[in-house]
Amino acid sequence: PPSKVGQAPGPPDGGWGWVVLFGAFVSVGFAYAFPKGLAIFFKEIQDFFGTSYSEIAWVSSIMLATTYGADPALLLVSKWQGDSPVVMFGGLLCGIGMVSAAFCTTILQLYICVGFITGFGLALNLQPSVIIIGKYFLKRRPIANGLAMAGSPVMLCTLAPLNQYLFDNFGWRGSFLILGAILLHCCVAGALFRPIGAARASVKTQAAERGKDALEEEVTKDALEMSSATTVPVDTKTEEEEGKDCCEKINQYLDFSLFKHRGFLIYLIGNVLMFLGFFAPIVFLAPYAKHIGIDEYSAAFLLSILAIVDMIARPTTGIIANSKWVRPRIQYFFSFSIAFNGACHLLCPLASGYMGLVVYSIFFGLAFGMVCAMLFETLMDLVGAARFTSAVGLVTIAECCTILLGPPIGGTLIDTFGDYKYMFIKCGAVMVLAGTFLFIMNYYNYRLLAKEEKERKAKEEDPKSVRTENESRNNWNKENAQDGPELEPLREEREGLKKEANGT
């Protein structure tokens, strides 16, 4: 085969990648914005079913946790079926979940239809959309990630007033039917996810299969010739190889060796702590505005303000993160964004009236967009593109626990104290702590990496160290080879075996 056949196609950084980016924009937008946009209906659903704040908060929590927690299982499905069919099936599942939710008669049925079914459909949209960006972009990857993540604020900016309009005209049941139809657009987005280098990959596969067949024929001939003279324990070797192949296959999808990676562990701990207070403020923002006497459309408009600022912040953050000053130390920028997000929540109780909440929404949107734009880029910066898929799966397994508990804990605080400010203070304190932890530990990690790199270069440049290692190895061999009375019987036996071998 030609020499180019063996080379895997690289990211084109353009071309059809821009169409794929648009599809990811739509899929990521629905996956992230839809659970937040449903908060418009929470006050009315709460009154309809007669539930508490903590009980209604489980709807968004289950949906968000399912969206994040289902990623590892989707790694297997995505590698088996490809990105496009997975996203299209996810859009279909979202539509079925929301249409079913329109006929729910209990809050438990709402948990199942909206939380689990729709949440799993959103997970099918999110996972392949995030990964395919890394396949199509390399040099422009931070900008592409920022643009794809901008789908969330665009969708939220649209869904917030749309949901309020649908509720006023059709009620929450009719709104859920219409939203189920809107989510079917994810099927169209999935149809745009064409595999990269499909033609070259098929040629490469055919060449690899021809080479594999030829190699198998040669191995079979050699094995037959050897079996006539000696007996090889084939069964034992086959069992060992099968065991190794099984472990290798599992490790392809979830690389558990990442838990030995220092930077990955720092990122994991910081993000698990961060998500305990990440989603609760945005879920309760509109209900809080209605609670203090603001009308429904003005409360929904707060989410639109947040989304518009978020929309500008995400691509802008991607451009800044891609600059030569920030990208080498992007982890510091990410830590600052998390701490800034927490500071906004801590100051929210000081906001009085509608204009105070508008100012809070502006700063919240800026901080939220900064965190979301770098959420996956910082992980890829730590582990590399080759291990990114496994890293995303492992991170989301750990994150889904705190994502699930965050909004209900906030709702419990509201039910206990009858005031929203304690929920905002809790979320702000947790996020400031997470940002501070990441900043300190990343500083420590960068120093250790620089020290390790310096030692490696010194060892490569100093030939004396290599010579010293060789000399110590030779000395050790000489010491073991020295004459001693305890080794005399063994030496005689060895000499006798040599003579017998020479005689034969």
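Each Cβ is built from the backbone N, Cα and C atoms, and glycine gets one as well.
From a predicted model like this one, the values you see are computed outputs, not experimental measurements.
Quick look at what TrEMBL lists:
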COMPBIAS  453-472  compositional bias 'Basic and acidic residues'
COMPBIAS  488-504  compositional bias 'Basic and acidic residues'
DOMAIN    17-446  domain 'Major facilitator superfamily (MFS) profile'
REGION    453-504  region 'Disordered'
TRANSMEM  15-35  transmembrane segment
TRANSMEM  56-77  transmembrane segment
TRANSMEM  89-122  transmembrane segment
TRANSMEM  174-193  transmembrane segment
TRANSMEM  264-285  transmembrane segment
TRANSMEM  297-313  transmembrane segment
TRANSMEM  333-352  transmembrane segment
TRANSMEM  358-376  transmembrane segment
TRANSMEM  388-410  transmembrane segment
TRANSMEM  422-444  transmembrane segment
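Beyond the transmembrane segment (358-376), the same-chain residues lying 6 or more positions past its ends with a Cβ under 8 Å from any Cβ of the stretch are 32, 130, 145-146, 149, 152-153, 271, 274, 278, 281-282, 285, 302-303, 305-315, 317-318, 321, 330, 333-334, 337-338, 340-341, 343-345, 347-348, 351, 388, 392. Highest Cβ pair count under 8 Å relative to the transmembrane segment (89-122), across stretches 15-35, 297-313, 333-352, 422-444: 15-35. Long-range neighbours of the transmembrane segment (174-193) within the same chain, counting only residues 6 or more positions beyond its ends whose Cβ lies under 8 Å from a Cβ of the stretch, are 19-20, 22-24, 26-27, 30, 34, 41, 82-92, 94-99, 101-102, 118, 121, 125, 128-129, 132, 163, 166-167. Counting only same-chain residues 6+ beyond the ends of the transmembrane segment (297-313), those with a CB under 8 A from a CB of the stretch are 33, 36-37, 39-40, 150, 152-157, 160-161, 163-164, 282, 285-287, 289-290, 354, 357-358, 361-362, 364-366, 368-370, 372-373.
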